[in-house]
Amino acid sequence: MRVQQSKPSAAAKRKAAATSLTTSPQKKRANTTPKRAKDDDFIMTLDSDDDVEDLDAAHVDADHVASDNSEREPEPEAELEPEHSSTPPDGKLTKNQRKRKEKAHLVGKEKIIESLASRSKTNSAAAVKDAMALDKDFEFDIFGDGSAVDYTGAEANGWDMSVTGTRMHKKLNVDDIIEKRRKVLPTLPAPVEEEEENSDEDDQDDDLDDDIKYAEYQDSDDDEDRFGGGNGNIVGQNKDEDQQDAAELDSQEDPLSSDAESASDDDDDNDNDDDDDELQVAEQDEESNSSEDDSDLETEQEKARKAAFFAEDPIATSADSSSKSKSTNDAESSFGAFDLSRPVLRALSSLSFHKPTPIQSRTIPIALAGKDIVAGAVTGSGKTAAFMIPTIERLTWRAKTRTPHEAKSRVLILAPTRELAIQCYSVGKSIAKFTDIRFCLCVGGLSVKSQEAELKLRPEVVIATPGRLIDHVRNSASFTLDDIEILVMDEADRMLEDGFADELNEIVKSCPKGARQTMLFSATMTDDVEQLVRLSLKRPVRLFVDPKRTTAKKLIQEFVRVRGTGTGGVAGADGLSGIQDQPATWISGGRKSEDAQRPALLLSLCTRTFTSQTMIFVRSKKLAHQLKIVFGLLGLSAGELHGDLSQEQRIDALTDFRDGKTDFLLATDLASRGLDIKGVQTVINYDMPGQFEAYLHRVGRTARAGRNGRAVTLVGEADRRMLKLAIKKSSAEQIKHRIIPSAVAAHMCETLERLKPEVDAVLREEKEEKALRIAEMELKKGENMANHADEIFSRPKRTWFQSGSEKTQASALSKAGYQATMDARSSSKQKDKYAGLSRKKRRSKMMRQEIERERKDASGSAGAKTASGGGMDAGIRAAKKAQRPTKLGVAPLKLANKSKGKQSGRNARPSATGGSKTKSSFNRDFSGNKRR
């Protein structure tokens, strides 16, 4: 059968044209017929033109790889035609000449394709050459697991806070509302830059960075510069004065008092007033030391109880001499000295944990021995790794199980907050990544069902918060605490407080008591036997590496004085400034007037000096949210972290702040304990907490792991006791005084006053959006109840170990305890309200307040008050005024009493005549009165 020839395609023509470039014209003429026949046979075997294009491109690349400058040379046909062909006289081209011209034309069309092909070939060759070169950042992977890459990522991003089981529903984001309001907001004046200030205060501080001044209390006569007057061991004094005893602070004057105030008090008060003031200060110092500071002086009975309860440190007692102690410390300069297993050492090396910290050196060998531990160290000293490393090491030697039913949950780690539990979970997973140890995270805010599924597999380590753990113990099938061998409590002093007391007792009762090891860790750990005895500890070992309640060595503590004025408040009205509608005479110089100045001082710091990587601690969730709105309206990127947010929002806020997406993190004390957020440079305390432990945990978010850090605290008149305690517990080089120019603070007050309507509008719109979401949720809930009623009611009811009233009472007790830590004045006497004032000023202030209260009562009653009542109040005021002490040297004014004089005259006449009392009775009878 005759095969029909197909017409040559365009690809075949391009191939022929490419072939013609590599052969001479003579050879092409000689082999014209065979070549055409061969091409015809080749064309008959093709299926499509697309394959021909790919093959042609590869063929052209192979033929022209040797000629590097073929693209820049002129066309070969133009050079060969004059030598090997002759043009007829009539100017007509021959058949072969026309073919060569057509081929040259086709080559011109495909020149771009050939250029790209040759260029890609050249680039690929260059890439191969670059790949063979040695990278300057090349590192040998010793273990072959890519651990160096993992460490680089961990160093850049910190601990991984991502968790599973979150509810990815649409969230209410106030940032969208703020951005919408900000677009229509008029342009606000820019804050005064530090470089452009021309005030006299800044001219004196040009040699100091960031307006930082040493607290030179005794050398400064200016009231604006004087901060902590009377304290002799503050920075700026001589070296000998720096080494004075810290106990001298208790006998000195108020740190916030000034020379001018002291002089006026000396002029106005008498000796009795001075004695009363000194007695009052002494009583307040005694109360402060008893309520806020653990007494260093222990009675013999307390020492005996602690000696009987605690066991001796075996490492400390084994070092009989200083040389042996030194050799022991040298031997424990690396984790290899603890005889840890290879997977644990491998993980520590990948995390760049080479040398153990002091708390780790003392804790790991004792924990490996299975002893109970009560440990304390400063913030950022590696306490989490101190209990996680020995725990994982002990689990590596456990008996291997063949089936999941034989697995046991052996370790329970408790944390007071969800974020701290998530961080412990991340640290544990990183240290145990080369082992087969399984972890389970049980915290509130995440899916209960996913946690139940993980607990059914009986993971070796369970990290939980107390509330969710009790929920799983009572309501999750096949999960118990009967096999717990190691119980760890992070931030144990918080777990021992009243808010967690009932839950902690329930957990301890569920855990076995026989061979259980218990370890307690905290930066402010207590050694009170009465609190620790309920945890069923067995001769625990006390490991307090650092002095009690001290800050990190590289932490600089700055204090900004807050002065009260007669202003009426700033943005946010009641919530933000803390001011209600009060007369100026009442709020002038008072506590609420100080609260009105705090937002302006805070924004002055955040817009001028600390512009990134700054954590700001406030005392309430409402204040944190309102400050976030103010920051957003001013164009400052800020996140918030408190209990009113969902768990997804809390994790997102932490992650954004850690990754640098937000510059500020406004948080309550929810984030003050245990969190290790990478890159925190500054911590700002919007107000001073009422207890020193809370202050230590707040400022401990910076200056961690030997890094530098700075803590700035806004201090008012009522915070002087906490200020004195902070000065006493810190070294001289750590305390500094920061002065914010009054012009900057006044400018920021004006800005906040302009923002007040916008803040109210954002809050109002957010409230409306929240109401709509609640309505939608209730509607969806009703639909689910109607469509899936049988399934919903068939679910078993979840139980709790407390009744509803007991749970409410425990919640109220926890809230009261937190408020007591935030404001020590709530439980103090009434005289603390006028602390720091002389007797004359105190009485004047009391009188002004009484007058204002009477004025309010008079206006509120609207004339209903009787005249007798008004006269009674006037009489009370007159009596109080008469009892006020007078100045020395002024004799009291004696007024003649006419009635008393007449009576004395009548009595004198009878006595002169020798009469008696009977005569006076007759005189009365003669006067007309009836005798009885």
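Yeah, the Cβs are placed from backbone N, Cα and C, and that goes for glycine too.
Note that the coordinates shown come from a computational prediction; the quantities given were computed from them, not determined experimentally.
According to Swiss-Prot, the feature compositional bias 'Low complexity' maps to 1-24 (among others).
Sequence annotations record features per position, and here Swiss-Prot assigns compositional bias 'Basic and acidic residues' to 56-75 (among others).
The feature compositional bias 'Acidic residues' is assigned by Swiss-Prot to 192-210 (among others).
According to Swiss-Prot, the compositional bias 'Acidic residues' annotation covers 242-253 (among others).
Feature annotation from Swiss-Prot assigns compositional bias 'Acidic residues' to 262-299 (among others).
Per Swiss-Prot, compositional bias 'Low complexity' is recorded for 317-334 (among others).
Look at Swiss-Prot and you will find 333-361 tagged as motif 'Q motif'.
Note on the domain 'Helicase ATP-binding' (364-543): mean pLDDT across this stretch is 92. Under the heading domain 'Helicase ATP-binding', Swiss-Prot lists 364-543, citing sequence analysis as support.
The local packing around Val378 (ATP binding site), expressed as other Cβ atoms within 10 Å of its Cβ over all shown chains, amounts to 23. Marked as ATP binding site by Swiss-Prot on the basis of sequence analysis: Ala377, Val378, Thr379, Gly380, Ser381, Gly382, Lys383, Thr384.
According to Swiss-Prot, the motif 'DEAD box' annotation covers 490-493.
The compositional bias 'Basic and acidic residues' annotation in Swiss-Prot covers 847-858 (among others).
Under the heading compositional bias 'Polar residues', Swiss-Prot lists 913-926.
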Let's see if you can do this one: DSSP helix, strand and coil counts over the compositional bias 'Basic and acidic residues' (847-858), in that order.
12 helix, 0 strand, 0 coil
Binding-site residues compared (Thr379, Ser381, Thr384) - highest count of Cβ atoms within 10 Å:
Thr379
Excluding Ala377, Val378, Thr379, Gly380, Ser381, Gly382, Lys383, Thr384, which residues of the same chain place their Cβ within 8 Å of the centroid of the Cβ atoms of the recorded ATP site?
Thr357, Ile359, Ala386, Ala523, Arg704
Under a criterion of Cβ-Cβ distance under 8 Å and sequence separation of at least 6, what residues of the same chain contact Gly382 (ATP binding site)?
Pro356, Thr357, Ile359, Gln360, Ala705
For Lys383 (ATP binding site), the three-state class that DSSP assigns:
helix
Counting by DSSP secondary structure, give me helix, strand and coil numbers for the motif 'Q motif' (333-361).
17 helix, 0 strand, 12 coil
